[in-house]
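Data block below; observations after.
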């Protein structure tokens, strides 16, 4: 690769924006860019072409010039191409008739009848050579006709005299023969009449029986059909209704059983709850009775007053007993009704059983009864269903009410139980409290008891008298009782208060007994009056207490009596209900078991019935199928029988006819028949099972072309090769009528073609299903070991193989197989070997010595009378030429060598198989291609097909099956009705005891509280009676299906009688024919007409006049169309007009002037609206054509010149020739394409030519759109898209326009690295022959480059890099025509200045091929601005943003320089390898303390996914170099750490350098941030230190001299809060832990320089 340098002005292309915004560019087309294409053409054009049109944004074409999509073809072009190669009309060819005219005239004068036949049409030929041949044939025939007419005329005169004498002799002999014949004929007529009458009677009897049979058959079939349809309909309705009823009953039963189960479970729960209640009640009762004993002692007197309660109890008891009797009566009535229902059901079932018996007896009329009962059944079923629905609704309503009542009772009982249990618990707790209180009271009352007993004795003595007086007090008792209750409450409270006071008083009393003694005397005096009052009240109390106790005793006795009766009745009811339930449960269980048995038995019955029905229906279906088949077979049998008889008769007649003609031309010498039918199999499927490759047409032609069968080593052989290969190409194209597979026949290796799906063929009475054709190439004269062949999908079209004027022999082995895959014996088959030509071909290439042969190996050859093909011992072929009469042939080839020719036997021979396999060898010599068709269509005349040998067998009629008698299913037992259980009696209610009268309080005594009375047992509501389901009505009895009468099998149709044959009539006597009078002979003659349709050919050439048909050329290439016409023949009419019209394809730029120059002899006109050019022969040209009409004349042709102007376009074209307005012909279609057609169905991977560009980093990673650091190298990879040009046929003028690739790079952002440029091909091989030149601007480029870019409509924005193919032809031959893409890698370095300003830059490229430009995609990148900052801080906290830049720092104050590095944005193009902080501080004012820290300024991510948060201490990943002598510190991040940062992550760090101010003055400081080799300066900070106000004490200065030591990586100490890591020693001798190093020598190596203020 050569390199050139050019310098000049540059123009800015950079946008200084960190986001990399793309600047829009307006494309301006200069006036200079509008130049006409005539600059590149040898002649001027009619219209200029703008080759600088902008990129086709709408079409998607990246072309910079001529981007337009090819427009649709004109309607004229489409119509012309749709009629390609079609012809209309013709030109007549005249032949002289003088000799024939004279012979006709002479015959008429001699008395011979002369008749002129219709003029014979000799057809229409296509070439003047063929016209000359036909004219010669016509002349010869005219001479032959003239000679025949002369001979006929002379013979006629001699025959007339001899005819009369012979006629007289024959008449006498014929009269005797006629008399005998008439006698025999009368006898025969009588016999014929007798036999005819007999046969007529037999036929009438047969037809009568046949008519009766068909009538009866139709009636039986209709009856069976009606019966079956009615039965099926009724049965279907019954089964649907039965299924519905059974499902409804099953659902109802399931719901009922669920309700029963739920009720049972609920009752069990209630029963368990009641049992628990009874247990608790029993316990409560025991407790109660114990308490009651004590209570009864105390209430004996009160019970006497309760006698009135007895009357109330008796009334209630009477009512209870009446209700109990009513319930028991109702239960008895329900039970009776249930038993009656069961009995009625049983009786009903018995009735149904009896009715079923009667029904079975009446089945003779079953069908009518069945239908009537079925209707009644459906009505009854509807009633039952309605009743069941009503029962269900009633049941559901009762069930709902029952469940609601049950829920209410259970809730009430639960509440009562809860209240009762709470009362018991409260009572127990209260009694325990009272018991405890009573114990205390007893202790306190021990002393008082003695006093009380003494007083009681006196009280009882006085009580008797008091009780008598208290009778009057009863009336006001109740009023007093109310007051008593109120007073009692007050007293109880007072007593409680008194007790508390008393307790205290007791304690006080024990201390003050002495004082109390005096007080007691006074108390006793006061108590005397109280005692009198008390005793009076006590007497009344005792009287009232006795009355209450008496009444309560009566109540208790009444309650106990009622309770005993209740418990007795409850036990009875519960036992009765339990017994009823057990009986019901057992009945249900028995019912379920019984119904299970019935259901199982019914299931078995249904199964047996279903099996019987299925078997019957299967047999019936089989019978009906067999009957249908029988009827069909019988009809088929009759047809076959008739066909057999007709075929036998026709066969015998045909053999007899062949016998008559066995010596005639076209017939076989002995009668033969054909047992082989193999005429057409259009739907056959062809497979090449030998594994040989099947080619498409292009592959096939390419492979044959590569084999080079005819070497083009001489001019003669070149033309011979062209003709042979054109013939080959035409013979291998796809055709809807002749589909096939293209294979090569290798020498010595069989190629097996297997045909399946054969439908129309037979062999020896067996159907042919498949066949195998095995071809083996034995020998070939070609210089190759294989030859091409077309094997057609229809095996009767067979094979078309190509010889290329050589000779070959091919063994053919054919096997036929039946439908079971068995091979069929071919013995006896007649094989057709026809169209065996000899003496045809191209004289200049094979000397008309072509010969076609067959060597038949598996049978005998039978020669056809008169055929030119004979068995010559070494094969079957024509011993002499049979192509033209001029070469000894009896017929012309076009007379016999067609499928429908009546004399096609002339080139045929027949082979008769004597063995099971078919084998023969095909061979030919000196032919271009041979079509061989193997079929059974024998060319010998009237060969009949051999009929089947045996008479067809009549079918056997099937036997109809009998319908089975189905078993009847049993009805299920009805479900027992659940009994109505007796409700439990209502327990008696205890009459509450009367309260005891208030006993007067003993004075000063605390009375024991009585026990709380036991709570009264709650009155439980009786459980409601669950609803009783109304039993479902039983399903109505299904009527039994009638036992149908079994149909009698049909009588077989009467067989047509064998009629007596008529007697053979007497043979007509053979009269000796009297000689006809000598007829006046008629001589016939005819004239001929001949026409010609001269052919036309359209050729397409490039600028080098090379054929480019069906190839591609570059856009803007010159394409020339040649409109060729064949020679015009002798005998043609005068040519008065000769016009050629060519509708040009769209996108083709026609050059009128150049076309006129290339088309002398024609007037040329152009219609721009239709893009059509017309050529009209000039008068001079017409004169040359008409100069001598008796001789063949050659024509001249015009040439169209123009350019193709579209990418990815297809240009197809043909033209029309019109001669004398009588003959017209459309030419062939030629085609040329331009590269880059998208969505081309023949080349689906095509696309527009599009150069491609990507930006990669040094590791080959694509970095398009990513941030690129200054100093980085961009490795731009450019693709030169050349694969679309593969197979290009452009001319040299297009190639010489050159091949270029332009890189339009932004020179403001990038510096070229031409030393690193690489160019490779798709295999990675280095490309040579390309020069690369750098131009500073378009103006700096040479004129040739500027002109080339202007024509391609490409304007670089500034500097550009141009790659140029040094030798366009060599470059074209090496890469373009082979379609090899090239890859250019051109590295460029981002300028350092870009890092300081930041901004985006854009880059794109162009390729220019053949003068056509194509634009690549743009590549855009951003350069981040690196802007380091410097602050002065007093703290180490990264979150503290306080900056004291510009402020005052005290002398000896410690502070920090904060160095903030530039931010590296996310998604940067390459790894970081350098990131450092270089601080050149003023050591005269600042002293480094030896301590620094590095922190993350932003969150960033490592390659392993670790996230480092902002503020993280990064000191351990750094190293420091210190030069205190010169005031220099360099802190650098380790390279391995930097490279571990993900390129998808941002990165920024900051460093704190701790300083101490050691001098007075103003000090400035700036640091340098280095990123990947590029340095960036920070801002400058300034701080001032004033003179201290108070001088410091003088100190003895201590100077420490540091010696430089080797660099040491920083190892941080554990951080301390608020302090930097110390790097000095304990005496602050300024020795940092990391090791301070004096690096004077080291910095000099690094090139560091100190900055002074």
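Positions of Cβ are set from backbone N, Cα and C atoms, glycine also.
For the ranges 1620-1624, 1625-1629, 1630-1634, the feature annotated in Swiss-Prot as motif 'LPXTG sorting signal' maps to 1620-1624.
Looking up the ranges 56-93, 1082-1119 in Swiss-Prot, the one annotated as region 'Disordered' turns out to be 56-93. Region 'Disordered' is the annotation Swiss-Prot gives to one range among 107-137, 138-168, and that range is 107-137.
Helix, strand and coil counts from DSSP across the repeat 'Ag I/II A 3' (307-388) read 80 helix, 0 strand, 2 coil. Note: the compositional bias 'Low complexity' (72-86) comprises 8 helix, 0 strand, 7 coil (DSSP; helix = H, G, I, strand = E, B). In the repeat 'Ag I/II A 6' (553-634), the DSSP tally of helix, strand and coil residues is 82 helix, 0 strand, 0 coil. Model confidence over the region 'V-region (lectin-like)' (629-951) is summarised by a mean pLDDT of 91. Residue counts for the region 'Disordered' (107-137) under DSSP, helix first, then strand, then coil, are 13 helix, 10 strand, 8 coil. Helix, strand and coil counts under DSSP for the repeat 'Ag I/II A 1' (150-224) come to 75 helix, 0 strand, 0 coil.
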